[in-house]
Amino acid sequence: HGSTKWCPSPDAAQKYACCHHGMATYVLGSENEMPWKFDRAYKSDITHVMDEMKLHYTDKYHVEYKISDMTGAEVTDIKLESSVVFEPGLGKYGEGRAWIEPVTSAVRIRKNLNDLSGDELILRNYIKQMTKDGSYQQIAAFHGLPAQCPSEDGTTVHTCCLHGMPTFPHWHRLYVALVEDELLSRGSRSGRPYWDWIDPFDRLPDFFNDATYYNSRTLHIESNPFFRGSMSFANTLTDRDAQDVIYNNH
């Protein structure tokens, strides 16, 4: 965050310790999930910050952090120890010393849902197959309801998602892989698409907001499985109530 280097003020009249913002991490959760736990620092790539400050990882600098809740109030009762880990790059220098990034993607490429081709939109058909045989609901239950994970003392049953725990990234990686393996077994050639909701938008994507879609295989207009789903344990359908605050919000 800071270093022994000094940066001039805009008018060059004073000098300040150089300070660059490195990263921000959000921890989610709800009253239905397992207890919120934050007992270690999250790992994040700060290579770009080191480059901007022209720092080598062995140089003298220090890292500062601030923990706040979603209202902006600072959380002061959690003390974490930060550290910097150097991991050599996996790429290589090519012709003209141009850096070549390594190929790390698998056969199943996860694309932005706004960039899906017409052929890839057939993903709806595979999801519909999963909803019909119950496999989609089984996987969804591992993330949400019905709650299946008991507390340590056995008095409470929580939903199994780990949003408020440091192990969440690992859990979610396995969860996405579980969905993609199910799609692959049904003939899907693409990975599970993602919605980049960080980009400002004025309406929900048609991919999951349209109630129906044209199925090019059956040549019929059919219900969109991403629009509404069945919850057999509650004998009801899912509903969506998008709040205006999400639109055009940076």
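The chain as shown is numbered from 1 upward.
Even glycines carry a Cβ here, placed using N, Cα and C.
According to Swiss-Prot, the Cu cation binding site annotation covers His1, His21, His143, His172. Here Swiss-Prot flags Cys7-Cys18, Cys149-Cys160 as disulfide bond. Under the heading region 'Unit C', Swiss-Prot lists 1-106. Annotation source Swiss-Prot lists region 'Unit D' at 107-250.
Distribution of Swiss-Prot features across the structure.
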| residue | record | Cβ within 10 Å |
| --- | --- | --- |
| His143 | Cu cation binding site | 16 |
| Cys149 | disulfide bond | 14 |
| Cys160 | disulfide bond | 17 |
| His172 | Cu cation binding site | 14 |
Cys160 (disulfide bond) and His143 (Cu cation binding site), distance between Cα atoms, whole Å: 6
Rounded to the nearest Å - Cα separation of Cys149 (disulfide bond) and His172 (Cu cation binding site): 16
Pairwise CA distance, His172 (Cu cation binding site) versus Cys160 (disulfide bond), rounded so that it is a whole Å: 11
Counts by DSSP class (helix H/G/I, strand E/B, coil) across the region 'Unit D' (107-250): 50 helix, 19 strand, 75 coil
